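According to TrEMBL, the protein has these features:
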- 2-64: domain 'Glycosyl transferase family 3 N-terminal' (DOMAIN)
- 73-323: domain 'Glycosyl transferase family 3' (DOMAIN)
- 79, 82-83, 87, 89-92, 107-115, 119: 5-phospho-alpha-D-ribose 1-diphosphate binding site (BINDING)
- 79, 110: anthranilate 1 binding site (BINDING)
- 91, 225: Mg(2+) 1 binding site (BINDING)
- 165: anthranilate 2 binding site (BINDING)
- 224, 225: Mg(2+) 2 binding site (BINDING)
């Protein structure tokens, strides 16, 4: 552990095997709090390489509790958090819209680490039982069309780094690793990250780890979504290749907004925003949910294009199907 920290502080990169060894120490409870904090800080300041991300993520995935929903296709839809914009829970709300459009979602997430409200917080505020057992979550994906895999349950080894992460209060490599180590093994994913420079390296890591179809997105202001407030860098996995391009809200017929129009609040406040959007309340918050849901529907091959996905996402809300999914999720998870 000490040699890895020393190497990182000297600006040296770790190999895949070295990264795996470090992760086994971290998740095995063998590192001190000081070592965990030093490692995470040094890696953040140096910047994560492809080999480091793949090595760390592969061990996290190995140690996770896995589920295998028996559905044709399912997608994970997650933001890394740590983007500092304090927007409402866009990807969580979008996931409900995607499920309402007929694509199953195995959503992996946690409580807030460096923001006011994580996916777990807002779902809990909505009445969802986020501590359901893995076999119950698997059935939830199969029968409701969406299930929430709470990181604290599905990644029990993460408890060893939880205290340091919480006390540090800044984004670390674990913001990236969580989405990469989806316990359902989803082959389709939309991941939002907090730095446009990370989209391509994370997409390449996902490709190495077996993901077949994905978008890794980051707005140029660091927002971990496809943004309506800023241009968004996208690295897309398709046919075994990664292509990177930029999208704008205008190309999808959407108004460019000020990011302040997308700001959320506490988990209770964000839960109300989600309910309002699923009820069809128009405005910039609904628009960004529609756009992000559309991207997921495109990646899941439910829509032939993002534009086509926008129509399906609109229909999911206006038909009441997205709200129906939320109500079923609340009921099923509390059985």
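Cβ atoms here come from the backbone N, Cα and C positions, even for glycine.
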> Could you tell me the C-alpha distance between residue 87 (5-phospho-alpha-D-ribose 1-diphosphate binding site) and residue 110 (anthranilate 1 binding site) in angstrom, no decimals?
Replying inline: 16
>> As a test of the contact definition, list every same-chain residue at least 6 positions from residue 91 (5-phospho-alpha-D-ribose 1-diphosphate binding site) whose Cβ is closer than 8 Å to its Cβ.
In response: 77, 78, 79, 119, 190, 192, 224, 225, 292
>> Distance check, please: Cα of residue 108 (5-phospho-alpha-D-ribose 1-diphosphate binding site) against Cα of the residue listed as 'anthranilate 2 binding site', rounded to an integer number of angstrom.
In response: 18
>> For the domain 'Glycosyl transferase family 3 N-terminal' (2-64), report the average pLDDT of the model, please.
In response: 96
> Could you give the number of helix, strand and coil residues in the domain 'Glycosyl transferase family 3 N-terminal' (2-64) as assigned by DSSP?
Replying inline: 48 helix, 0 strand, 15 coil
> Under a criterion of Cβ-Cβ distance under 8 Å and sequence separation of at least 6, what residues of the same chain contact residue 111 (5-phospho-alpha-D-ribose 1-diphosphate binding site)?
Replying inline: 118, 120, 121, 152
> Looking only at Cβ atoms, how many others are within 10 Å of the one on residue 108 (5-phospho-alpha-D-ribose 1-diphosphate binding site)?
Replying inline: 25
> If one measures from the C-alpha of residue 110 (anthranilate 1 binding site) to the C-alpha of residue 165 (anthranilate 2 binding site), what distance in angstrom results, rounded to a whole number?
Replying inline: 13
>> Around the C-beta of residue 224 (Mg(2+) 2 binding site), how many further C-beta atoms are within 10 angstroms, looking at every protein chain?
In response: 29
